[in-house]
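S.K.: Dumping the structure here so I can ask a few things about it.
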Amino acid sequence: MKASYLLNKSLGLKLALIPLMILLLIVIGSVLSLMVQLDFHFFKQVLFDAELHFALGISLGSSLISLFLAFCLAVPSAWLMSQVRLPLQKFIDTFLDLPMVLPPLVTGLSLLLLFNSQGILSQWIPSISQWIFSPVGIVVAQTYIASSILLRGTRGIFSSFDQGYRFAAYSLGLSPFKTLWKIELPMCWKPLLGCVILAWSRAIGEFGATLMLAGATRFKTETLPMAVYLNISSGDFEIAIGASLWLLFISACLLMLLRIVNRNV
């Protein structure tokens with residue numbers, strides 16, 4: 001049924017347009033307020049500023065490494081949890097979902113306490129404390145956040161997979177791992193790619209946990225979100241807006257890619 005016909009017949013739907021318009025106004029207004037800053041001089045600065053180049057490079061590099069690590073951790077775990085019911089399943093589910101609901105600063109503080117020289121891990125691996133306040137800390141924080149998002153999404157995909165295909169593969173002599181590799185992944189790659197894109201976008205935009213674990217040091221642990229924070233703090237709004245525009249561009253590209261993937265699922 002056409003939207004125009006429903007709107008003409010229903011007062012409730014007309015009233016529901018009010019919050020929709022408010023949301024659109026806020027979102028579009030916030031985006032445009034960044035984009036209107038982009039004159040020619042400012043565009044050149046965004047493209048050629050050394051600090052923004054460094055922040056862009058470390059953001060893309062660390063997020064790709066984090067995405068790979070998160071994929072290696074989350075996808076096998078999600079597949080296992082979709083196959084069998086583990087002991088204390090609800091307890092495990094709750095803890096694995098914590099990174100998605102904890103405030104990022106709390107997440108970062110907990111990681112800092114875990115990896116510092118007095119932390120639990122340092123008792124077994126003393127050199128692990130060198131990870132904090134370094135680019136490695138960025139990767140750890142991003143992996144921690146991205147793996148939780150990837151785990152939740154991929155587990156839902158594997159859990160909804162048609163059991164008939166699995167049973168047919170088992171009856172033909174395929175092991176569960178070969179069934180995953182030869183049947184499940186090829187059939188589920190599009191929704192899996194959507195989960196990967198979401199996890200990647202979250203890793204690129206990660207700030208709070210990275211701030212606590214890796215610190216905010218220019219030209220060392222300065223990701224794009226960190227560049228926004230550092231330059232706002234120092235009053236250099238042009239660089240802060242430039243970093244924000246880079247993040248806006250990357251987010252828009254990832255969102256478009258996600259829409260394309262979902263359209264073809």
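Quick reminder: no glycine exception, Cβ is built from N, Cα and C everywhere.
Look at TrEMBL and you will find 56-258 tagged as domain 'ABC transmembrane type-1'. What TrEMBL records for 12-34, 54-80, 101-125, 131-151, 239-261 is transmembrane segment.
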S.K.: Are there 3 or more C-beta pairs under 8 Å linking the transmembrane segment (101-125) with the transmembrane segment (239-261), counting only pairs at least 6 apart in sequence?
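M.R.: By the criterion, they do not touch.
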S.K.: Out of 12-34, 54-80, 101-125, what stretch is closest in contact terms to the transmembrane segment (131-151), meaning most Cβ pairs under 8 angstroms?
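M.R.: Highest pair count goes to 54-80.
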S.K.: Using Cβ atoms and a strict cutoff of less than 8 Å, what residues sit near the transmembrane segment (12-34) while being 6 or more residues removed from its termini?
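M.R.: For the transmembrane segment (12-34), the list is 6, 241, 244-245, 248.
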